[in-house]
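Have a look at the structure that comes next, please.
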Amino acid sequence: MKTLIINIKELLQVRDNHIDKVSGTEMGVLPKIDDAFLLIEDNLIANFGSMSNCPTIKTDQTIDAKGKIVLPTWCDSHTHIVYAGNRIQEFVDRIKGLSYEEIANRGGGILNSAKNLNQTSEEDIYNQSKVRLEEIMQQGTGAVEIKSGYGLTVDGEIKMLRVIKKLAANYPIKIKATFLGAHAFPSEYKENHADYINLIVNEMLPKIAAEKLADYIDVFLETGYFSVQETEKIIEAGKKYGLIPKIHVNQFTAIGGIKSCVKHEALSVDHLEIVTNEDIENLKGSKTMPVALPSCSYFISIPYTPARKMIAAGLPLALATDYNPGTTPSGNMNFVVATACIKMKMTPEEAINAATINGAYAMGISQTHGSITKGKSANIIITKPLTTYYEMAYSFTSNLIENVFIEGKII
């Protein structure tokens, strides 16, 4: 099937050659073509350019995008959208003054989600999760990483990962699965960390590998959760099964986690609300992508990732939602992009780069997603008529998306 989109006001994120990511000052450059066309053949980008060079060919569908912006779909590299129930009461508790840590110490937080999940059938979890997945697709997300981590038992973690696998099989959106058994210590292991880590290493990982349920491995490396040493043991065990690390780190404290993650060649380090000068030096020249989660900072009123400091140091940066029931019950990447501009002082160019090509890198798919490049997946957003692409951040609560293509088809 051939689809030709013509008269595009601004075609964004055009890259003639494949690139993995953009860093530092390059993040402020967003290549675009004004008055452009885009040709989709089957599920791939076949051609693009200025309307003056638009080919005269027979197509199955022609779309006039006069006045509209076209760009790649968002690549959301950090989510927890497979879960059961909600944590609305904790939302009210925070309003009344309780901290994240205080809620967790009272049996809330991750352990609350684990309790809900383990009491819910796999079918019910799938049915709840697919609604969230369909919603984020309509909001322009064309690739998503989904974590386990609300099982915290062998059966619970396997159940979550099977749901993720089923979602990937039933929907056109690109899905990457991450095993996050080390999300928190279950209450019965609170005083016996070694036994829970052994459960992850000796029972969870072999079963996950046998069913090929995960691409990545994650750990919540944070004070009160998993230490650097505990994290390293889990990372090393995961690597034996081919699982690449993508790590939660520096959300509340800096305890040397980033240095460890870089040493172990983590694909990404995520959260980074607290970043030291030493952390920045450790990230320089590495293959590890820093990932900011601004809607989490917004929702639970914690600091924002210091994007300006990191970009000025020459680092790359990706943006993701952290969609989860406790601290970010939203998967709207449009809000993430706008919040990055408003609260983190990223330019629209930087934010769009962070949410497309760098987001693709942070989930290992930048060779097929994240830019308008010949041969890449035809995952694109067509906006409503706009004055400029800056409006995508400026009109931060408006739905500016008219159509979303995933794998060459309007969803």
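A Cβ is built for glycine as well, from the same backbone N, Cα and C atoms used for every other residue.
Not my notes, these are from Swiss-Prot:
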type	residues	note
BINDING	H78, H80, H248, D322	Zn(2+) binding site
BINDING	H78, H80, H248, D322	Fe(3+) binding site
BINDING	R87, Y150, H183, Q251, T327	4-imidazolone-5-propanoate binding site
BINDING	Y150, N324, G326	N-formimidoyl-L-glutamate binding site
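Set these features in their place in the structure for me.
In the three-state DSSP classification, H248 (Zn(2+) binding site) falls within a strand.
Long-range neighbours of H80 (Zn(2+) binding site) (same chain, six or more residues apart, CB within less than 8 Å of its CB): I146, K147, G149, Y150, L180, D322, Y323, N324, P325.
DSSP classifies R87 (4-imidazolone-5-propanoate binding site) as coil under the three-state reduction.
Secondary structure from DSSP puts Y150 (4-imidazolone-5-propanoate binding site) in coil.
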Please compare the binding-site residues H78, R87, H183, H248 by how many other CB atoms fall within 10 Å of each one's CB, and tell me which has the fewest.
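Fewest other Cβ atoms within 10 Å, among the binding-site residues H78, R87, H183, H248, is found for R87.
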Between the Cα atoms of R87 (4-imidazolone-5-propanoate binding site) and G326 (N-formimidoyl-L-glutamate binding site), find the distance and write it as a whole number of Å.
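It is 6 Å, counting Cα to Cα.
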Assuming the binding residues for N-formimidoyl-L-glutamate are exactly those in the record, Y150, N324, G326, what is the maximum CA-CA distance in angstrom, rounded?
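Max Cα-Cα spread across the N-formimidoyl-L-glutamate binders: 11 Å.
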Cβ within 8 angstroms of the Cβ centroid of H78, H80, H248, D322: which residues besides those meet this for the Zn(2+) site?
T79, K147, D270, H271, L293, C296, A320, Y323, N324, T328
At the Cα level, what's the spacing in Å between T327 (4-imidazolone-5-propanoate binding site) and H78 (Zn(2+) binding site), rounded?
13
